[in-house]
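Heads up, the thing below is written out as C-alpha cells.
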Ligand SMILES: Nc1ncnc2c1ncn2[C@@H]1O[C@H](COP(=O)(O)OP(=O)(O)OP(=O)(O)O)[C@@H](O)[C@H]1O
C-alpha cells in the first residue's frame, strides 16, 4: 500500500472534468451530427437569409455566428485563438476520458500526506502529463480549427463572391424588373391604345358599312348618270350640229341685220324726207284755230263751226236795222285754217296734230309753235295746260315725245343731247324764267347773233337736260318765276310773251350724220287792242309794246312769205329771238285761240283776221340742219 495520499480534490477536478467531458460529448456529437463542420452555419445563414439583398449586404461579413448546440466560434482574428481553445470541447473530452481510465472506477480524489512528497511529485508529473496531453490535444484541435477556419474563410470568400454574384443577379433582376415594369406600363398603354383603336376600328367599320351602302347607291346613281350622259352626249352631238347650222344662220342673219340696218337708216332718212315733204305740202306755216268753251262747255251762236269739216269757222254778227224798217242783217265772216278745233276738242287731239311737227324738230328742222289770241282765250291752257295727265298742254307733251323718240332712235345709232331755256319778254325786256338766284342779282339779257347765225341770249340759263322729268321741273320753275312777277305786277303774264326753247343735237357717229334744231314753244301776250283813250302810263307802254311785237310778228311772217330781201326781225325782241325758228329753215305753227263770249266778238274777229293773214303765207321750203 502506498503511503502517498490520494488527493480528493484532484478527483473532484477530474470528475468535474469528466462530467464536463461527458456533458460535452453528446453536445459535440450532436453538433457533428446536426452540422457538417465543413459547412459553417454562417454560410447557410447568409444564403438562406430572407432579408432583402440590400439588408443582407449591410450585415457585417465577420459577425460571430452561434451554431446549433456548438460553442461560440469567433472568426475575428483578434479574439479568435484563446476562445477557440476554450470553446473546443472535443479534445478536452478526449483527455478527460483518458484520465478517468487511469483511475479506478468508483474511487474519489486521493489526498497525499504532507510527507508524501514522492506521491505529490508523482501527482504533479501526472498532472503535467495530463496538461501536456491536453496541450497536445488542444494544439491538434487548434490545427483542426485552423484548417477549418481556412476552409471557412475560403468558403466565406466563395460565399461572398456568390453573394456578390447573387447581388448582381438581383440588381440585374431588379433592372429587368424595372424594365418589365416599363414594359408593363407600355403594355398597359398599348392595351388602352388598343382599346381606343378597337373602338375606332368599330366606328370605322360602321362608317365603312355606311359608306359601302352609300357607294352602292352612288354606283347606281353613277350608272343612271352614265346613261343620262350618254343620252346627253347624243343630244349634245345633235345640238352641236344644230349650233353649227344656227351659227351659219346667225352669220347670214347678221349680214341681213347689217343690211337691214343700212336699209333702216336709208328708210329713216327717206321717212324724214317724206315726212318733211308732207309737212311742206301741209305748209311750212300752219294755223290752227281753237275755240275756248263757254263756262258751261257750250258755244254761242255767233261762232259757227261747219259740222262736216274741221277747217272753217264762221263768225256771225247780227246787225240791227238802223231805221228799224228793214229786218236785222247778219254779217258772216268766213275763215278757214289748217284745222279748227271746237270747244270740245281735247288736249290730246290738239297735240296729235302738232306731233308731226315735233317729230320734224327731232329730224333736224327748226320748229316754232306759238299761241296767239286775246287774254283769257286759252293760250296758256293750250301751250302748258294743267298738271292732270289729260289736260297737259303742248309743251309737256312735246317734251315727252322728243325724249321717247330720241331714246328709240338710239337703236339706230343716234345719240341726242338737249338744252332747255325759258325766257319772258315783257315791255321789250328779257327775263330768265329759269333763274334761281337772288332777285336783286338778276342779270340783264341781250340777244346776240353769232357768225354762224345762231341766236343766243346773254346771261340766260341754258340747262342741259337728260330726262323728261328734268324738263318738267324746269317748266314748273318757270311757272313759279312768272307767278312771282305776276304778284308784283297785276295780270302781267297776259301782257308778256313766254318763250320755251329746246335745242336738240343728234349725232349718228356710225354713219357720220349730225343734226341740230330748236323747238320753240311760245305763249304770246294777250292780243286785245285797248281803246287808246283808256290807255295811260305803264299800261299804254305795255300795250304799245305788245301791239308792236305782235304786229311785227305778222310783218315778219308776211315778209318771209313774200320772200322779201329784208325781214325786219330786229324790230322787236320777240321776232329777233325767234328769228331762226321763223325763217326759211323752219316750220311754224300758230294757234289762234278765240273766246266764245259775244262781247269778245271784236277781238275774236281781229285775231282771226291776223291768223288768216299768217295762214296765207307760204314760207320757203324748209331744209333740215344736217351736217
Ligand atoms: N279748251 C279749254 N277747255 C277748258 N278750259 C279752258 C280751255 N281754254 C281755256 N280754258 C280756261 O279758260 C281760262 C283762261 O285760259 P288761259 O289762261 O289759258 O287764257 P290765256 O289766253 O292764256 O290768258 P292770258 O293771256 O291771261 O294768259 C283758264 O281758266 C283755262 O283753264
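Cβ atoms here come from the backbone N, Cα and C positions, even for glycine.
Taken from TrEMBL, the feature region 'Disordered' covers 1-61 (among others).
Positions annotated as compositional bias 'Polar residues' by TrEMBL: 11-23.
Feature annotation from TrEMBL assigns region 'Disordered' to 77-116 (among others).
What TrEMBL lists as compositional bias 'Low complexity' is 77-101.
In the predicted model, the coiled coil (121-263) has a mean pLDDT of 88. What TrEMBL lists as coiled coil is 121-263.
Taken from TrEMBL, the feature ATP binding site covers 373, 374, 375, 376, 377, 378, 379, 380. Under the DSSP three-state reduction, residue 379 (ATP binding site) is assigned to helix.
Contact annotation for binding-site residues (374, 377, 379) versus ligand 1: 377, 379, each with CB under 6 Å from a ligand atom. Taking the binding-site residues 374, 375 in turn and counting surrounding C-beta atoms within 10 angstroms, the largest count is reached at 374.
According to DSSP, residue 374 (ATP binding site) is assigned to coil rather than to any helix or strand. In this structure, the binding-site residues 373, 376, 378 were compared by how many other Cβ atoms lie within 10 Å of their Cβ, and the smallest count belongs to 376. Most buried of the binding-site residues 377, 380, judged by other Cβ atoms within 10 Å, is 377. Excluding the listed site residues 373, 374, 375, 376, 377, 378, 379, 380, the same chain places 292, 371, 381, 494, 526, 593, 595 with Cβ atoms within 8 Å of the centre of the ATP site Cβ atoms.
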